[in-house]
Amino acid sequence: MKILLIGYGAMNQRVARLAEEKGHEIVGVIEPTPRATTPYQQYQHIADVKDADVAIDFSNPNLLFPLLDEEFHLPLVVATTGEKEKLLNKLDELSQNMPVFFSANMSYGVHALTKILAAAVPLLDDFDIELTEAHHNKKVDAPSGTLEKLYDVIVSLKENVTPVYDRHELNEKRQPQDIGIHSIRGGTIVGEHEVLFAGTDETIQITHRAQSKDIFANGAIQAAERLVNKPNGFYTFDNL
């Protein structure tokens, strides 16, 4: 499989290493500005790369959105987070002409977490729910795209839900419809996501901890391996 990388930060550097270990080839990199330290051919536009089988994106909205407005037809794996609604609308449009895969978290374990959460929410309908995510001190966006995904699962199953990001100015007791959302940034934490169900005299916690960023890179590669054989359409872990 010949892979074009969109962005060449820490994540796509891992994708390159792991993909080559699997026998795949990196045919180029798209970066906002050329860098002498990038060990692959650099491009400005997706359409300039003629021999790629798939593109894998671990970048940011500033780089990705202008590229998505260009004319190209290439299977696309997208892991960028930020401006989610705008991104999903654009990817849905592109999926009419190419296979597109998107996940806010490329770990299959996190996908499993969403399924566990979907089963737990109806069973624990009268429990309070608090969501917490923790990441390294270099992560810019908060809350994480993954936590937003977990929140979306809850919203799809409960009525009149209210996200609460900060309680220090509320000066009132917790309301039944509140969903607490908390972000922690520090050190080199790869990624942790926890769902707390708090009931009367008991609590239940569901936690996913990433031990290495390799799980995200491998997840993107595995998605790409499947996507190249798919017809045009919008894919997630649910239908890939």
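Any Cβ shown, glycine's included, is placed from N, Cα and C.
For HIS135, the entry in Swiss-Prot reads active site, proton donor/acceptor, with the evidence type sequence analysis. The feature active site, proton donor is assigned by Swiss-Prot to LYS139, with sequence analysis given as support. Per Swiss-Prot, the feature NAD(+) binding site maps to ALA79, THR80, THR81, SER103, ALA104, ASN105, MET106. Residues or ranges marked as (S)-2,3,4,5-tetrahydrodipicolinate binding site in Swiss-Prot: HIS136, GLY145, THR146.
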Spatially, which candidate from the recorded positions HIS136, LYS139, THR146 is nearest to ALA104 (NAD(+) binding site), comparing Cα atoms? THR146
Quick one: of THR81, HIS135, LYS139, which recorded positions lie within 10 angstroms of GLY145 ((S)-2,3,4,5-tetrahydrodipicolinate binding site), measuring between C-alpha atoms? Sequence order, please. THR81
Write out, in the order they occur in the sequence, the residues of the chain not among ALA79, THR80, THR81, SER103, ALA104, ASN105, MET106 that have a C-beta within 8 Å of the mean position of the C-beta atoms of the recorded NAD(+) site. VAL78, PHE102, GLY145, THR146, PHE216
Within 10 Å of the Cβ of GLY145 ((S)-2,3,4,5-tetrahydrodipicolinate binding site), how many other Cβ atoms can be counted across all chains shown? 17
Integer Cα-Cα distance in angstrom, ALA79 (NAD(+) binding site) to THR146 ((S)-2,3,4,5-tetrahydrodipicolinate binding site): 11
Starting from the Cβ of SER103 (NAD(+) binding site), draw a 10 Å sphere and report how many other Cβ atoms land inside it. 25
Restricting to the chain of THR80 (NAD(+) binding site) and a gap of 6 or more, list residues whose Cβ falls under 8 Å of its Cβ, or answer none. ASP57, PHE58, SER59, ASN60, PRO61, LEU64, LEU87
Reduce the DSSP letter at THR146 ((S)-2,3,4,5-tetrahydrodipicolinate binding site) to three states and note it down. helix
